[in-house]
Structure formats: C-alpha cells, structure tokens
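Let me begin by presenting the structure, written as structure tokens, before commenting on it.
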C-alpha cells in the first residue's frame with residue numbers, strides 16, 4: 001500500500017512539471033526596446049502540436065517560458081528558454097524534454113540568445129527595406145493612434161538579396177498559426193512570394209514592419225498556360241482583423257489578372273476562414289461584371305458567367321458558382337415565397353450533386369453485388385437524412401453568404 005501511495009505522491013509532484021506549450025511560447029514583434037518589457041506586445045501560438053506533439057505539452061519544467069522575439073521588420077530572432085525549476089534537479093531518474101532542440105529544428109541558425117545583442121540589432125533595423133517590387137499601397141485608419149497607417153504589398157523572389165534568409169525566419173510562424181503547416185522547397189523557381197509591410201516612424205525615420213505574406217505556386221497547364229495555386233497565407237496575429245488578408249488576396253488576383261498566360265487561380269486545401277475571405281474578395285471583384293446583373297442572376301448560373309469571370313478576373317468555375325450564389329442572394333427577395341423557393345432549389349441542386357454521383361455508383365454496384373452487400377451500402381444512404389443534411393447545409397451556406405454581403409456593404 002505504501003508503495004502505491006508513494007507512487008501517486010510522486011506522480012502528483014511530476015504532474016506539476018507539465019507545461020502547456022501554447023502558453024509557454026511567447027512571441028513578440030519588436031519595434032522599440034521598451035516592447036521587450038511590455039506584456040501587451042506578447043502573443044501566443046494557436047498551435048504547437050507540430051513541434052511538441054498532439055497534447056501540446058512540454059514535460060520537465062515549472063514556469064517554462066520559451067521566448068521567441070522577432071525584430072518587426074527583418075525578423076532577426078531572440079530565442080531563450082527560461083524556467084523556475086527543472087525536474088532532474090529533483091528526480092535523478094527523470095529526464096526533462098529537450099525543448100531547445102525542438103525549437104532549433106524549426107528556426108534557422110544565427111539567432112541571438114541574449115537581450116543585449118538583440119537590442120543592438122534593433123538599432124540597425126532602420127536599414128531594413130522590403131524585398132522585391134511594390135505592387136500596392138493602402139492605408140487603414142487606426143483608432144488607437146488616431147491616424148491612417150500606410151501599408152505596402154510587394155512581390156519578391158529568391159533572387160532578392162537577403163530574401164532567402166528572411167523567408168526562413170518568416171515561415172517559422174506557420175508552425176504556430178496554421179494547423180497543417182509545412183515548409184516549402186524554395187529552390188523551386190515556380191514559387192511566388194507576396195509580402196505585406198506596415199510603414200512606421202521611429203526617431204524621424206520611416207521603418208517597415210512585417211505584417212504577413214502569401215506563397216503561390218505556378219502550375220503548368222498544357223500547352224502554354226499556368227494555374228497559380230495559393231499555398232500558404234498568414235497575417236500575423238497583431239494585425240489580424242484589420243482587412244489585410246482581403247487586401248493581399250485582391251492584390252495577388254490583380255497581379256495575375258494582368259498576365260495573359262494565367263488560366264485561373266486556385267487554392268490548396270483552403271481553411272474555412274480562407275474560403276470566407278476569398279468569397280468576399282471575389283464577389284467584390286465580380287459584382288460589376290455585366291453577366292452578374294440582377295436580371296441575369298435571376299435566369300440562373302450560366303456559361304457566360306464562367307467565361308467572363310475566368311477571362312477577366314482569373315476566377316475558376318467552382319469559385320464563380322459561389323460568387324453567383326452570393327450575388328443572387330443579394331438580388332433575391334427572400335420574403336417573397338416564389339423567389340426564395342427558386343433560390344433554395346437552385347442552391348440545393350448544386351449541393352445534391354455529390355449525392356447523385358453516389359446514387360449512380362450504387363446503380364453500378366447493384367449489377368455486381370450480392371443482395372446482403374448491397375443492403376450494407378444502401379443503409380449508409382438514408383434518404384431522410386439526406387434531406388435534413390441538405391437543409392442544414394443550405395442554411396449554413398446562406399448565413400455565410402449573408403456575412404459576406406454585410407462586409408461588402410461596409411467596404
């Protein structure tokens with residue numbers, strides 16, 4: 001008995017040496033020396049499972065702090081691990097996780113380990129300039145500062161001096177903010193990089209801070225076209241919710257729109273938030289096309305819409321269909337029974353497409369399956385459930401579409 005109670009006491013004590021890595025990791029984008037001490041400039045990861053495992057826990061420390069501070073513009077890095085006590089100071093047989101080497105795997109070498117070195121790098125930041133070609137300048141009114149802040153979007157590539165090293169530092173943020181992040185092969189020349197910077201003042205000089213970025217891969221389409229595919233997009237947390245994502249996506253679309261060899265733009269495995277952002281940007285771009293006039297919207301989805309959106313705006317068929325549904329919702333009086341019924345049927349007909357395909361596959365199976373196997377297959381597809389699911393999908397879609405239209409009305 002004493003043995004088991006001894007174990008639980010030890011287990012209890014060891015449990016105190018567990019830290020949630022999303023809380024332990026402290027990120028900063030530093031502009032001024034005083035930012036180092038200011039807790040308001042600290043932010044934490046949304047994810048750390050790719051570095052610390054699914055439970056996002058580091059074992060072996062009390063009061064663990066993993067400091068990853070970046071200079072706002074060129075992202076020179078300070079990396080330090082701090083803690084109040086470590087498990088092997090108390091228990092000989094127990095090993096603490098090697099937190100440092102896990103972080104070193106994702107951040108490039110050449111980081112600072114003490115604050116003084118970092119602060120002296122901060123003084124050189126005035127020399128940092130954005131990479132590549134300026135594509136777009138815009139401003140956002142900042143309530144706190146009571147003024148408009150200027151932002152710029154650049155297109156860069158690996159031939160820009162210093163960009164390769166900068167990109168290595170920048171991409172480490174993906175690990176903390178994109179659930180299934182991976183680093184890209186920068187030696188492949190088909191990657192394009194689009195970067196957002198904020199202009200800010202420091203001691204009378206104009207400096208640049210990194211806001212976010214997007215990587216796009218140019219797929220070859222036979223015989224002489226390309227199909228750019230958005231791979232990663234990240235607006236850093238201190239800048240989220242200010243409309244930078246929409247500015248970036250629209251700028252990238254406009255960049256490719258001017259190229260005759262581009263067919264249309266797609267995205268790799270888009271997140272829900274990205275789809276909402278894309279809906280907004282594409283509807284904004286499309287709403288003035290003639291093929292989307294209210295009269296034409298009421299006649300249904302047409303090849304004309306597909307052709308015009310692809311040729312003028314590089315939007316693919318699937319995305320054009322969503323744009324049509326959103327704009328048709330705006331043109332529809334949902335209080336009118338006939339109009340709303342017609343809209344509902346139109347959207348549901350698209351939603352039921354995958355089910356229909358499944359039905360066709362079943363018909364094929366019927367010809368070659370034994371009856372009991374067929375029963376198993378059929379049980380998976382219950383007609384009533386389909387109707388309920390369909391209605392749910394429709395309602396969810398409409399509420400997403402309404403949010404896009406609200407944002408459009410405010411733009």
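Placement of Cβ uses the backbone N, Cα and C atoms for every residue, glycine included.
TrEMBL has this to say about the protein:
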| type | residues | note |
| --- | --- | --- |
| DOMAIN | 17-179 | domain 'Histone acetyl transferase HAT1 N-terminal' |
| SITE | 191 | site 'Interaction with histone H4 N-terminus' |
| ACT_SITE | 268 | active site, proton donor/acceptor |
| DOMAIN | 278-329 | domain 'Histone acetyltransferase type B catalytic subunit C-terminal' |
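On the backbone, the CA of residue 191 (site 'Interaction with histone H4 N-terminus') and the CA of the residue listed as 'active site, proton donor/acceptor' stand 14 Å apart. For the domain 'Histone acetyltransferase type B catalytic subunit C-terminal' (278-329), the DSSP counts in helix, strand and coil order read 41 helix, 1 strand, 10 coil. Most buried of the recorded positions 191, 268, judged by other Cβ atoms within 10 Å, is 191. Looking at the domain 'Histone acetyl transferase HAT1 N-terminal' (17-179) alone, the prediction's average pLDDT is 93.
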